[in-house]
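Here's what TrEMBL has on this protein:
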type	residues	note
DISULFID	Cys57-Cys63	disulfide bond
DISULFID	Cys85-Cys95	disulfide bond
SIGNAL	1-21	signal peptide
Amino acid sequence: MKLTALQLLLWHSALWMVQEAAPLGPTGPLPQSFLLKCLEQMRKVQADGTALQETLCATHQLCHPEELVLLGHALGIPQPPLSSCSSQALQLMGCLRQLHSGLFLYQGLLQALAGISPELAPTLDTLQLDITDFAINIWQQMEDLGMAPAVPPTQGTMPAFTSAFQRRAGGVLVASNLQSFLELAYRALRHFAKP
C-alpha cells in the first residue's frame with residue numbers, strides 16, 4: 001500500500017512538473033530545440049530516479065526521504081546551489097553553469113553509491129548515463145552561446161558510505177534531491193526558451 005501511495009505521489013509530481021509548472025517570466029535566448037531536448041532528458045532522469053526510489057522503498061522499506069534528512073547531513077551529501085536559477089536572481093549564464101555543475105555533482109554522488117545492491121546496479125548505471133547526456137547537452141549549449149567556462153567543473157569531496165544502509169539511505173536522498181533539482185531546472189529552462 002505504501003509503495004502504491006509513493007508511486008502515485010511521484011507520478012503526480014512528475015505530471016505537475018511537466019504539465020503545470022509555469023515559466024518564471026518572459027522568454028529569452030535559448031532555442032526551442034534545446035528546450036525540447038532538455039525536457040526529454042529530464043523525463044528520462046526523473047523516471048530513472050523514481051525507479052531507484054521505488055526499488056529502495058519496495059526492497060529495503062526506505063520510502064520517506066524526509067525521515068533520512070539528518071542522516072544525509074551527517075553523511076555530508078551535498079546539494080548543488082541554484083541561486084542563479086531562482087526567480088529572484090535568474091541569470092542565463094550563471095543558471096546554465098549551475099545546472100551543468102549540479103548535474104556533474106549528481107554524477108559524482110551516483111558514483112559514490114556504486115555497490116548499493118546488485119538489483120539496483122542497472123538502474124543506477126542508466127541514471128548516470130542519462131545525467132551525463134543531460135550535462136553534455138547543457139555544456140554544448142553553453143559552448144554554442146560562447147559562455148562555456150575555460151575549465152570544466154571539478155568533482156568536490158563526495159560522501160564516503162561505509163555501510164550498505166548508508167548507501168541505500170544515500171540513494172533515497174540523492175534521488176529525492178535530484179527530483180527537486182530537476183523541478184527548478186525545468187522552470188528556469190522554460191523561462192529562457194524562445195517561444
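Backbone N, Cα and C atoms are what each Cβ position is placed from, and that goes for glycine too.
Note on Cys57 (disulfide bond): other Cβ atoms within 10 Å of its Cβ, all shown chains, come to 19.
Counting other Cβ atoms within 10 Å of each Cβ, the lowest count among the disulfide-bonded residues Cys63, Cys95 belongs to Cys63.
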